[in-house]
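Heads up: the structure comes next, in structure tokens.
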Amino acid sequence: MKVSAALLCLLLIAATFSPQGLAQPDAINAPVTCCYNFTNRKISVQRLASYRRITSSKCPKEAVIFKTIVAKEICADPKQKWVQDSMDHLDKQTQTLKT
């Protein structure tokens with residue numbers, strides 16, 4: 001009986017100090033893409049295929065990553081008007097394709 005109680009205590013202690021990474025969902029451990037520099041040039045909407053927003057707290061800046069029709073990814077500042085206009089254009093294009 002003493003052996004099983006000691007074993008139970010040992011298991012509880014081991015569980016308390018075990019790494020929490022094993023209990024986290026896969027998305028938390030997924031790599032994060034961050035933008036450290038933004039393009040200085042406006043990109044023509046005809047060259048853009050899609051975009052995604054980067055809002056992770058692990059990144060130093062919020063950003064938009066545009067993907068061009070030749071699969072190149074370009075970081076842009078979401079505060080700039082041309083970036084917002086390009087996102088709106090791509091959103092409308094996507095909605096048109098869905099309907």
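Just so it is clear, glycine is given a Cβ too, placed from its N, Cα and C backbone atoms.
So that you can see what the record holds, here are the features copied from Swiss-Prot:
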DISULFID  Cys34-Cys59  disulfide bond
DISULFID  Cys35-Cys75  disulfide bond
CARBOHYD  Asn37  N-linked glycosylation site
MOD_RES   Gln24  pyrrolidone carboxylic acid
SIGNAL    1-23  signal peptide
Point to revise | Between Cys34 (disulfide bond) and Cys75 (disulfide bond), the C-alpha gap once rounded to whole angstrom | key: 9
Check your understanding: Going by DSSP, is Asn37 (N-linked glycosylation site) part of a helix, a strand, or coil?
Key -> coil
Point to revise | From recorded positions Cys35, Asn37, Cys75, the one whose Cα lies nearest Cys59 (disulfide bond) | key: Cys35
Study note, to complete from the structure: Out of the disulfide-bonded residues Cys35, Cys59, the residue with the smallest number of other Cβ atoms within 10 Å is Cys59
Check your understanding: Between Cys75 (disulfide bond) and the residue listed as 'N-linked glycosylation site', what is the CA-CA distance rounded to a whole number of Å?
Key -> 7
Check your understanding: Any idea which of the recorded positions Cys34, Asn37, Cys75 has the thinnest Cβ neighbourhood at 10 Å?
Key -> Asn37
Review point. So, in DSSP terms, is Cys75 (disulfide bond) helix, strand, or coil?
Key: strand
